Amino acid sequence: MVQLSVEGCPLQVPATSSILQAMVAAGQTLVEGVGCMGQGVCGSCRVLVRRTGDSEVRTALACETLVEEGMQVAFLEYFTPAARHRYRMDELGDSWDALARIGEVFPEAEHCRHCGGCDRACPKGLDVQRGVNQAVAGEMAASAHVFDECVMCNLCTLACPEHIRPNHLGLFVRRMLASRSLRPSDLLRRLQEIERGEPAIDFDAPGARPPV
Amino acid sequence: MASGIPYDLARQRWQVGATPPKRADEVSVPDLLKGYHPDHGPRARVSLAVGVNRGDPCQPDFAAHLQANALIDDVHIAGAQLVTTDVLVIGGGGGGCAAALTAAKDGARVILATKLRLGDSNTVMAEGGIQAAVGADDSPQRHFEDTLRAGHFCGEPELVAQMAMDGPAVIRWLIELGMMFDLEDDDRPLGGKLLRKKPGGATAARILSYRDYTGLEMMRVLREAVELEPGITLWNRCPVVELLSDDHGRCAGAVVYNLEWRCFVLVRARSVIMATGGAGRLHLNQFPTSNHYGATGDGLVLAYRIGARLRELDSFQYHPTGIAYPRHLAGGLISEAARSAGATLINGEGERFVDELQPRDVVAAAILRECAEGRGIERGGQVGVFLDTPSLEKANPGILAKRLVTLRHLAKKCGHDAAQEPFLVYPTLHYQNGGVAIDRHGATGTPGLYAVGELAGGIHGRNRLMGNALLDIVSVGRRAGAAAAAQPADGGTLWGRAGIGHVHAWQRELTLAGLPLDVKAPQLFPTYAHFDLGADAGLGAGMPAHGVGGIR
């Protein structure tokens, strides 16, 4: 068993528990800040963690983090900034305007002061700051790649003193890249066939009926 | 759980890179399912006593929720705030987002209410991919036939055909929104080819994916699109607790509970699109589940209560490869992508015992048989069989690092290296094959009510193919969104009487059937959430205080 505290409340739970499971095991109400329960993809269970003997408070996802003796945990509220970037994918023009659009939608991005706060905040260990700088430089593919495994937990957004919202910038770049450049030949061809009415479904084909 | 062959002994019998013998198997597929699949066991079904499906078979644990009383009564919503909108979308997963985006684009005012937070859903957890027949060796016809066959020919051919034909257009829509897909050659976005994988039970490679977190890639794009869409008002942390009906038996909106403010809100809507997902977190048959925390079958319960017909209520998908060990990750999913890429299943005797790319119900039943007959592997009180990732890596060096990234992360969480040690797996409750009966627009039998995604039934028959869920939610989601937005604004639907009259009729039915009124549903959260709506909302005097607040 391990003793830890969540929101100042002492809990005693099996050592193999994640922080979320510790909450459940301790009989606590758990109806927010929870989602995929261990897969680590929904970014909902954001916590601040201080471990015994460590002066620094670190960010983490509660479903992925195993409890440790003496650990102190606080959940992070999901803040929604009053004003955020606004754009519509279908109003962004063609890809020649990409760099201008990045500047318009995320004007703060070029103000990055290289403090590394986003990198420290990222529970997935992504090179967030590099991704931001690459986006500003127009290196879109490289920037998109940085945010490949981003779960949109918004912890980097929370950490950025320039209000850059790095994860949203990363997603913007990814979306631009896909919507403005991804044109697979096999998909184009099948869409064209369907438009021509070629592959119609035969409901009476032998394979559409149960075997006798 | 049953005992099995000790882990250490099983490890000795298994060798990386060896070609293990496959046990000769005389049992036919129907007999295997009958003998070992939970849908077919002695506890597989009961007959429903109330509602439009009275007399139909239903999974027993699920029947208890369907035949329960409402969470609220007139008195609880008497003074509640009233809001009106054109379209109310309930559920913030992929299906709800696709429906909301389409309805808003067509000019409707949309409210999207979701129990947890936008995007918290099974969609974001989907790993394998999305089906669409784009390959030269493939066709919508094959997709149609594969889906029907895998569903044991219980699916609705009209709906299946529509989904198969929608596939390519759905991929295009997702790309236009900014979703990426894997290409055969990543450097050739313009004019290259989509990377395709073959799902178990299909005749062609048809799975399109983004790495092995296709659902995450899809959901983060859809979520951003919804959040930035001016025509959509987003209500996070607002589960639906009841639907509203009018005098004509139409669905006229819903009662939502705002978890932040701890109050009920009445939403009058011309159309309600229900996209609340499945019921895995009810842990039917006491199975572990791969499902999201919010998947407690809310929409199914409410749709049934207001009079929508359900179908295939006794058919659930148990995904063959849930994690069995370690215990704290039990139920978590190991994507079919692993088997699709060639990973084999090995029992405690060191044998293969099934063709791993058979439909999921067959593979799951085969694993359950190994465990029931003592050929499973026991570790730390958990029983399962091996999923042989080390041999896969040996045969395809680099595959774990490049193509099966999530699998590697998962192994790390399990405390081992996927290239060195096999996973211990056991079937996990994954998907509700049936659901609310819908037409081609997602419309249910109750006017004004639409159903999208896992909540809806009729496409997957009695077994769903990998990759068809992500296609289904977007295909039907877009159609339901368009149909709901096209409802004429005749003035009447928003201003006539609306209430919970159907609940009172329902209570009479329950009483006549001799069913208790103190069993309430929907459950809203898993039992271990320690949440009690009555206590949280302060309903009634003398409510027990447990459940209010908590330390968060």
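Start at 1 and count along the chain as shown; that gives each residue its number.
Each residue, glycine too, has its Cβ placed from N, Cα and C.
What TrEMBL says about this one:
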DOMAIN    A:1-79  domain '2Fe-2S ferredoxin-type'
DOMAIN    A:103-131  domain '4Fe-4S ferredoxin-type'
DOMAIN    A:140-169  domain '4Fe-4S ferredoxin-type'
Determine how many residues of the domain '4Fe-4S ferredoxin-type' (A:140-169) DSSP places in helix, in strand and in coil.
16 helix, 0 strand, 14 coil
PLDDT averaged over every residue in the domain '4Fe-4S ferredoxin-type' (A:103-131):
97
From the DSSP assignment alone, can you count helix, strand and coil residues within the domain '4Fe-4S ferredoxin-type' (A:103-131)?
17 helix, 0 strand, 12 coil
